[in-house]
Each structure stands twice: as C-alpha cells, then as structure tokens.
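Below: one structure, written as structure tokens.
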C-alpha cells in the first residue's frame with residue numbers, strides 16, 4: 001500500500017515517477033498466457049518531424065483506453081509502439097534547419113545529409129517517447145519499431161519485388177503531380193485542392209496560311225512552349241475542315257498541327273483546346289492517341305528551361321506574367337478572364353503542384369482494389385466504427401488510380417532496382433552480383449512502408465515468428481478520418497495480398513481536434529494547443545478524461561479550457577470522496593469488505609441504500625462495458641460521471657452519514673464495506689481513462705498495481721429493483737422539498753413543516769421505515785407521512801409517483817415581502833435585457849465587431865431572458881398563493 005493521500009489533489013505529485021515505475025515493473029508487456037485470448041493494437045506511427053500535437057494525444061488516449069481495459073479483462077494484450085521516418089516531411093524539416101546555416105543537402109552529399117537526418121530522428125524520437133510517458137501510454141517498448149528498421153526494410157523490399165514480379169509494380173513515363181519545392185513526385189492524395197484567384201488567358205493561334213486565327217484559353221500560359229498541337233472535335237462543323245492543317249505557336253513562331261479529338265468539347269469555350277502533352281494529364285492522353293511529341297518546358301525546381309526560349313531560368317509564376325505581357329505586345333492576347341478555380345497544392349510544402357511528365361515507379365491498383373472490395377463481403381471483413389466509413393473506404397477503392405510510389409528524395413527506403421549501361425533493369429531484395437550496376441537513387445513513398453506496418457512489425461515476412469502467429473491480424477486500429485485514403489486503405493489491400501488476412505478486425509475512426517470556435521488548429525491561425533502545456537496545468541488524467549468524453553466516433557471535438565476545468569474538478573471530486581472513505585475506513589480491508597458486500601447482496605446485512613448503490617453500480621458496470629465494446633467512450637464517460645458524482649458522491653456518501661454518525665458498530669462496518677467496495681470498483685472502471693490518479697488511490701486499498709487488476713463484471717446477485725425504486729422515491733421526496741424551498745427563497749437551514757400524503761401503502765411503509773433519511777436531507781421541524789394527512793390552504797405542493805408533498809407556507813414567509821423582492825429582481829433583469837438589446841440592435845456593432853464578441857452578447861441576451869422568464873413564473877405562482 002502506498003502513502004496516505006494528500007489533503008489536496010495535485011496531479012504533478014500524483015503523476016511524478018509513476019510511469020517509470022510501471023515500466024520497471026514490466027506491466028505493459030503481454031501476459032504470455034497462452035490460454036488468454038490475444039488482443040493487439042499497433043500504434044499509428046507518428047512522424048519524427050517534431051513534437052506531438054493534441055490530435056496525437058487524442059488518438060493515443062483512445063488506444064490506451066482500449067488496451068488498458070482489455071488487459072484488465074484478462075486478454076493477452078500487446079500495444080506495439082513505433083515511429084515513421086516520414087520521408088518528404090522529415091527531409092523538408094532537416095533541409096530547413098540546414099538552410100538556416102546556408103547549407104543545402106547537395107552541399108553535404110547524400111551520405112552526410114542522411115547522417116543529419118538520423119540525428120534529427122534520434123532527437124525527436126526521444127521527445128515523442130517522453131510525451132508518450134507523460135500521457136501514460138501503456139505500450140510495450142521491448143517491441144518498438146521504426147519504419148527504417150532492417151526488419152521492416154526487408155519486408156518493404158520483399159513486397160516491392162513480389163509486386164514487380166506479378167507486373168503490379170511498373171516503371172514508366174507519365175504525367176504526375178510534381179512538387180517544385182521538394183523536387184519530388186507526389187501521389188494524388190498528397191495533393192490538396194484549394195480555391196485561388198486566377199484567370200483564363202485567351203489567345204489567338206494563327207493558321208499557318210494566315211487565313212484566320214483560332215482562339216484558345218489556358219490558366220497556365222507559361223506552358224504554351226510545350227504545346228505540340230491544338231485539338232478540335234471531329235464532329236464540330238466549325239473546325240472539322242481544319243483538321244490536318246497547322247497553326248503557328250505564338251512567340252516561338254513554330255507550326256503545330258490541328259488534330260481531331262473527342263477531348264475537345266464543342267460546347268465549352270471556343271471548342272478549340274491547346275494540347276501540352278508533357279504538362280497536363282488529359283493532354284498527355286491526347287498526345288498518345290495522336291503520337292504527338294512530349295515537350296517538357298520546366299526544370300524540376302519550377303523554373304523554365306531552355307525550351308521556353310527567352311523565358312529560360314524564370315520562375316514559373318514570373319514567366320506567366322512575362323509571357324502574358326509578350327502575348328499582348330505581339331497582338332496574340334485576346335482577353336484575360338478573371339475567375340476562381342481549384343488548384344492542387346502539395347500537402348507537405350504548400351506550394352502549387354505542377355502536372356509534369358516524369359519517369360516514375362507505379363503500383364497497378366486494379367486487382368489490389370478488387371480484392372479489398374471483395375473482402376468486405378466476407379467474414380474476414382474490416383468493421384468500421386462508425387459504419388459509414390465503410391462506404392468511404394469502398395468508394396475510394398472503386399475509383400482508385402495507379403499509385404506513384406517513387407520519390408525524388410534521399411530519406412527513405414531506396415528503391416530495390418538497379419540499372420546497367422546496357423539499359424537492363426534488375427529488381428531484387430539484394431543487389432545484383434557483378435560490376436556495372438547502379439541502384440535507383442529514388443526512395444519509396446512513405447506510405448508504401450506504412451502500409452505494411454501491422455504485419456511487418458510482427459516479424460513478417462517470417463510467418464513463423466511468435467508475434468506474427470500470436471498477434472496478427474491485429475484487433476483494432478484507431479485513426480483519424482483524414483488518413484483513410486493515405487493509410488487505412490493501403491494497409492488493407494497490402495495485408496490481404498501478402499498475408500491473406502485483413503490487418504485488423506476493427507477500425508475506430510475519430511475526427512479532428514478543433515478550437516473553441518470550431519476552427520481547425522493550425523500555425524497560421526495561432527490556435528494550436530501543446531498537450532504538454534495542458535498536462536502541466538491540469539495533469540494527464542484530466543486531459544485524457546476530456547479527450548475520451550469529447551465526442552462520438554467519427555466526430556470532431558472542440559477543445560476548451562472550460563472543459564478542462566470541468567475535467568479537473570471531476571477528478572478532484574473523486575479524490576475528495578476517496579479521502580472521506582479512507583478516513584472513515586477504520587482499518588477495514590478490501591477482502592473483508594467483499595465478504596460483507598456479499599452479505600448485503602444476499603439480504604443478510606445492510607440497509608436499502610446499500611442495496612440501491614450496489615444495484616446501480618451493477619447497472620453502471622454493464623452499461624460502461626457495453627459502450628466500451630462499441631468504442632462509445634463518450635457515452636461510457638457520461639454514465640460513469642453520473643454514477644460517481646450524482647449517485648455515489650451526492651447521494652450515497654451523504655446517506656451513509658446517517659449510519660456512520662450513529663452508535664451502531666455493526667451497521668457502520670457494513671456501510672464502510674459498501675463504500676470501500678464501490679470505490680474499488682469505480683477506480684477499476686475509471687483506470688483505462690485516468691490511469692495515474694486511479695493507481696494512486698488504488699494503492700491505499702489494495703496490494704499490486706491496478707494496471708493488472710481485474711476489470712469489474714456484472715454480478716446478478718446485486719440486482720435489486722425494489723431497493724432501486726424505493727431509494728429513487730426517497731430522492732424524489734428530498735428533491736421536491738429542496739426545489740420548493742428554493743422557489744419561495746427559504747434557506748435550507750430553516751426548519752419547516754413537511755406533509756407527505758401517500759396513495760400507496762407500500763410506499764407509505766417504506767417512507768416511515770426510512771424517515772431518518774428524509775429528515776437528514778430536508779431539515780423538518782415537523783414531518784408527517786400518512787394517507788390521510790390534513791393539508792392547510794396556503795402550501796407549496798409537488799407530486800411524485802405514489803405521493804403528494806406539501807410545504808405549509810403560513811409561518812415560512814411573508815408573501816407580500818417576497819413579491820416585492822421578486823419585482824425588484826425582475827426590474828434588474830429588465831434593465832440588463834434593455835442594455836444588451838440596444839447593443840445588438842446597433843447594426844454597426846453587429847457588422848464590425850468580431851463574431852465571437854457578437855455571439856457573446858447574444859448568449860448574454862439568452863441567459864438574461866431565461867432569468868427574467870423564471871422570475872415572471874415565480875411571481876405568478878406567489879400571486880396564486882395570495883388568492
């Protein structure tokens with residue numbers, strides 16, 4: 001048992017050193033019990049690009065809740081941690097750091113640059129693990145993995161080679177998304193589309209014979225130097241006679257052909273389109289159909305090359321302005337049509353991507369996608385929570401394109417392909433024998449290795465490894481909806497292809513963390529929250545409680561310090577209840593408490609309130625477990641909160657004072673036993689969510705760690721509907737009296753007369769048997785319970801099931817004085833309403849003030865109106881009493 005609980009809850013003291021103690025005790029490792037059912041989770045590996053944000057804290061908290069509960073339920077649990085090398089993201093960070101010293105990666109060379117990246121990785125991996133510790137994550141560090149570990153790299157090479165042998169990985173020259181800042185290819189889902197201000201630039205391409213001009217329009221006039229044709233629809237009567245003739249490309253003054261192609265839409269624009277096969281995916285296809293040259297006019301950094309003539313060396317956007325100016329000078333510019341359009345931007349660097357002809361490696365997706373879709377109709381399907389994300393997954397799979405997997409980076413898995421001077425390609429898990437071979441310098445997309453994470457971390461391709469046989473497929477994946485396409489989908493099709501199984505049985509999808517106003521957290525808005533700052537102020541348990549109760553699966557959650565205050569207050573309440581129970585414990589052990597609780601359940605000891613709280617505890621255990629199984633942690637948290645704060649603390653703990661302050665020692669022992677037992681069960685129910693404080697309090701009542709303690713289960717012998725109904729009726733009486741006191745402004749300390757007129761003989765007997773509880777909570781001067789109670793004229797009345805409750809008012813208050821007080825109160829709120837109404841009726845204020853300021857005034861108005869209306873009701877009631 002640990003030291004006595006401090007008088008005040010201090011999360012810093014409670015959490016200090018606790019995580020290291022858990023690690024020293026090896027409580028996070030799998031039990032190794034072969035009779036136990038395995039339950040495994042692989043952590044979505046965070047990028048080693050920096051510190052973890054609040055979204056990571058949410059994601060990992062949900063996983064820890066799941067794994068801690070399953071561990072307590074006796075499962076053989078494995079939560080495998082690890083990190084992702086995050087190719088483009090990490091390389092960009094390291095390049096930015098080097099740039100501060102005026103150094104580029106090219107100055108260092110590949111080997112020395114990679115040394116710098118490994119230093120970065122070690123630095124931030126240590127930071128991430130420190131953050132995991134502060135969050136209390138119960139991961140098994142003995143199995144920690146990194147996506148560039150040799151074992152995982154072996155898996156990557158094997159998958160690449162096997163897919164290549166099947167013809168599902170190929171190399172070719174196609175239009176891809178190019179990031180000019182990172183100088184690498186990007187896959188479609190690494191491109192974010194943003195609406196930006198732009199223009200259609202209309203220009204004339206003169207026929208070679210000078211007879212007429214054809215008007216074309218483009219949003220990227222700087223690519224015109226790569227035009228190798230213009231296209232018209234072969235069924236367009238306006239132009240079909242021109243097919244086969246030439247137009248003159250302005251500025252360069254070279255002839256290019258007019259081709260007939262269905263790509264040209266007669267209904268759109270002039271019906272004539274310029275064809276730039278090396279800079280547009282649709283034009284690329286037109287070029288293939290008509291055997292057009294592919295002219296790339298840009299360098300990999302987004303500057304124009306020598307094929308752009310006088311614009312050689314200019315940045316693409318500077319070239320755009322210069323080209324438009326030149327077109328205007330030579331009379332080829334028709335008009336500039338301003339508009340807003342969607343432009344793809346690099347997810348990592350934020351710059352507009354450039355569609356560009358490039359030789360890359362691709363994964364052929366058609367059969368892999370078909371396999372993944374078909375699997376969702378089998379018993380081995382992946383279950384999504386909420387289920388609607390299954391449709392999201394299937395929709396993406398049905399419309400997926402081939403995946404460009406090569407990246408022009410240095411940090412990552414180098415592609416296992418080698419070339420020789422004869423133009424031969426060798427693809428293998430190891431380098432080819434002999435001289436003259438040079439390995440492809442590109443690396444694989446980060447998501448290629450991440451897609452293998454659930455099984456590569458378990459030892460695959462060694463299918464006989466203990467972890468692979470025991471813990472794969474994994475049980476549950478927890479992740480955000482923003483990476484279903486990037487990661488979840490790819491893990492599913494790769495796992496099905498290489499293991500024949502789904503990678504996980506369940507996928508729990510959560511949303512995004514937003515600020516109080518519902519905005520996404522970002523550096524540009526300056527509204528990001530560091531979870532470590534929150535932990536320093538409130539403790540990890542309070543943050544975890546907020547994150548687990550913030551929303552339902554698939555929904556976003558709004559962070560607010562007001563909610564954090566509420567979380568801390570709840571834990572403080574638990575702390576204070578625990579101290580009260582322990583201070584009144586008198587050396588009672590948990591084993592003895594369990595024996596006494598069994599007697600209460602059997603009806604051999606205790607009173608109705610003891611049986612009631614055990615009944616409600618039992619219901620709480622059932623509902624919490626049921627909602628945990630559905631990953632409805634918010635619902636489970638709400639149930640726990642209501643039981644702990646409302647039923648246990650506010651009612652049962654207060655009701656026990658009737659016994660604990662009496663002289664009946666036998667009853668005291670029973671009451672202490674129920675208190676201690678219920679506290680023990682509460683701590684176990686709460687532990688997956690708030691591990692630190694529950695461990696601290698658990699140490700006061702039991703040996704060993706709560707981490708490996710048994711999770712509560714429903715006990716049929718605790719069911720007692722009769723006791724539950726009886727105590728609920730007692731509570732109704734007490735609440736009614738309290739509410740009536742408040743309505744007529746009578747202090748709780750003032751003794752009053754209470755008359756309870758019953759219409760149910762059983763209830764009458766029950767109230768009289770438990771009259772002391774009513775007295776303790778209502779402070780009566782006179783209390784009468786009977787079917788024929790005599791009721792005076794001037795009373796406050798309320799009705800509950802089976803009884804009517806009356807408070808005679810003649811001696812309690814002066815109705816005229818109370819009416820005067822209420823009228824004065826009403827005038828006060830009318831004044832407040834007038835002031836806020838005046839402000840909100842000011843159009844300039846509403847138009848110019850910040851939205852949150854206006855909303856605050858509207859909230860005030862709503863609050864003041866509610867107070868005003870409540871007083872009006874009170875005045876009406878008082879006037880009725882006078883009559």
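Glycine is no exception: its Cβ is also placed from the backbone N, Cα and C atoms.
The motif ''HIGH' region' annotation in Swiss-Prot covers 46-56. Remote same-chain partners of the motif ''HIGH' region' (46-56), defined as residues 6 or more beyond its termini with a Cβ less than 8 Å from a stretch Cβ, comprise 83-86, 89-90, 93, 120-121, 124-125, 127-128, 131, 480, 512-513, 521, 528-532, 534, 559.
Mean pLDDT across the motif ''KMSKS' region' (520-524) comes to 70 in this model. Feature annotation from Swiss-Prot assigns motif ''KMSKS' region' to 520-524.
Residues or ranges marked as ATP binding site in Swiss-Prot: 523.
According to Swiss-Prot, the feature coiled coil maps to 809-844, an assignment based on sequence analysis. Sequence-distant contacts of the coiled coil (809-844) (same chain, at least 6 residues past either end, Cβ-Cβ under 8 Å): 744-746, 750, 752-753, 792, 794-796, 854, 857-858, 860-861, 864-865, 867-868, 871-872, 874-875, 878-879, 881-882.
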Per DSSP, what is the residue count of the motif ''HIGH' region' (46-56) in each of helix, strand and coil? 3 helix, 1 strand, 7 coil
